[in-house]
Amino acid sequence: MAPAKRCNVSLAATAEKSVKKAKIDINAQVERILESRKNANDVFDILEALESEKEKDVVSAANACSKLFCTLLEKKELFLGKLPGEEEAVSGECSAEEKYQMFMRHRYNSCVELLLEHLSHDLHGVKESALCCLMKFAAGEGKYPLEDLDWTEHYSFPRELLQAVVDRLLSKTTDNSMLISRFQEFLEMEDVRYYVMSSIRENVGKVMDKNKGALVPIYQNNVFTLMSNISIPSQESELTNFMVKQEAKHEDWKAAKLNEHKRVFERMWLGFLKYKLPSNMYKKILVILHDSILPHMSKPTLMIDFLTAAYEVGGAISLLALNGLFVLIHQHNLDYPDFYKNLYNLLEPSVFHVKYRARFFHLANLFLSSSHLPVYLVAAFAKRLARLALTAPPTALLIVLPFVYNLIRRHPSCRVLLHKPSTEGELLEDPYLMDEEDPVKCRALESSLWEIKTLQKHYHPDVAKAALAINTPLSGKEDDINEVLEITTHELMERDLKKSQIKNIPLEFEIATQLLKGGGDVLGQHFCLD
């Protein structure tokens, strides 16, 4: 067995040496190519290694290509302008210098194509190496352009190369979230971010129109992942980190203007949201909408169609749409006539069990904080919440009860719900219409909050104690519901278990010490009498 083991060790060592030798050979070939043009054909060996099936070989070849072609770009030894075909370059009347530059430019184009294909490779290491190499090429092309750009709008930025990278990142069949996360480093550069946003918008339009607006879940998830990694600076003075610094008229460059960033950012999101989305993506978008999207848009009111459509979907999606609507109503003077009617209809038993319960009640509290709301509307919300409270869990009741009390404190006219005068012989029937969708017609003011009186017999002591508050006049100070918004059942149980217990409970005034002993005790005397 021992000789076999030594043989295996020697084979592994040999394999390791061969890998190191391959790396040395590739790096040596790069040096030879750069030293003398006579060794130009060695570039084929490097490109062949780039097509290897072994991850280490591909990564080494990608690093070698990065060094080789970035150096050639810097030395301006790649052909500039419209590139002729290889046959035309060889047969044409060109100088040796031009033929060499055309040859190397063709090899550079081949390298770029291989690296773009590797962005769809099965191995993440290969994808990452290809991405980093392509972005180095983009930086090199930006500084030393290969084309004479006629349109000064884009200056010398390698827009076509970046568009090709974005197209591969937004795969229709592969989840590229890890690779997109790696790409986030490059999105911190202002010009890269600007042109990436334009590329995303263009790509989404082509793909979704080709699929006639049908759902493409993997693709749409890749698009969302890439877009959600984009954040716009708040001030133009923060636009300082550029991959390509323009030599002239940098200040006039669109990529250097914050308003242009916001405009492209807005068009990118609107272009994505106008198509049908997977239901789970609505939630992802609405969670970040008020913090990461609306503040960076030049015209946030353009999101009203998306938000109102999401608000009318129902369930958790409607709850999440509240955040965006809140921003538009309070900061951009949005007029939404049926807002309170829709908010009223969101009050269903499921609202106490959804993941976003705390956010919903926080926003609902803000929306109902105005003292100018009509009494019938406030009464409708208070009554509906009280009715739902009959079947709500204790954690929800600790939110609902102070919520209802605050509504009554803000609107003293609603106190009639607490002290409803009655006449003898009146039928004990609640006139409130629970199934009525319009708060105007639900007849809440004709009813009372008998449900809270019922909760005074609740099994949980904290709930029963909170319900007892209606037996006494409510104080003028509102309850702070923020303290209980995030409370969970586990926390409620832990709090109850930590309550102090009375350890020593006196059972008798004097402790009996002689009860079971013989002699002169009472029990012994009884035996003597017998």
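The backbone N, Cα and C atoms fix where each Cβ goes, and this holds for glycine too.
Curation does not apply to TrEMBL; its annotations are automatic.
The domain 'CCAAT-binding factor' annotation in TrEMBL covers 318-467.
Residues or ranges marked as transmembrane segment in TrEMBL: 306-329 (among others).
Annotation source TrEMBL lists transmembrane segment at 360-381 (among others).
The list of residues near the transmembrane segment (388-408) in space but at least 6 beyond its ends in sequence, with Cβ under 8 angstroms from a Cβ of it, reads 347-349, 351-353, 357, 361, 364-365, 368, 378, 381-382, 414-415, 417-418, 449, 451-452, 454-455, 458, 460, 462-463, 466-467, 469-470, 474, 478-479, 481, 484-485, 487-489, 492. The transmembrane segment feature in TrEMBL is assigned to 388-408 (among others).
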Number of helical, extended and coil residues in the domain 'CCAAT-binding factor' (318-467), per DSSP: 92 helix, 0 strand, 58 coil
Reported mean pLDDT - the domain 'CCAAT-binding factor' (318-467): 87
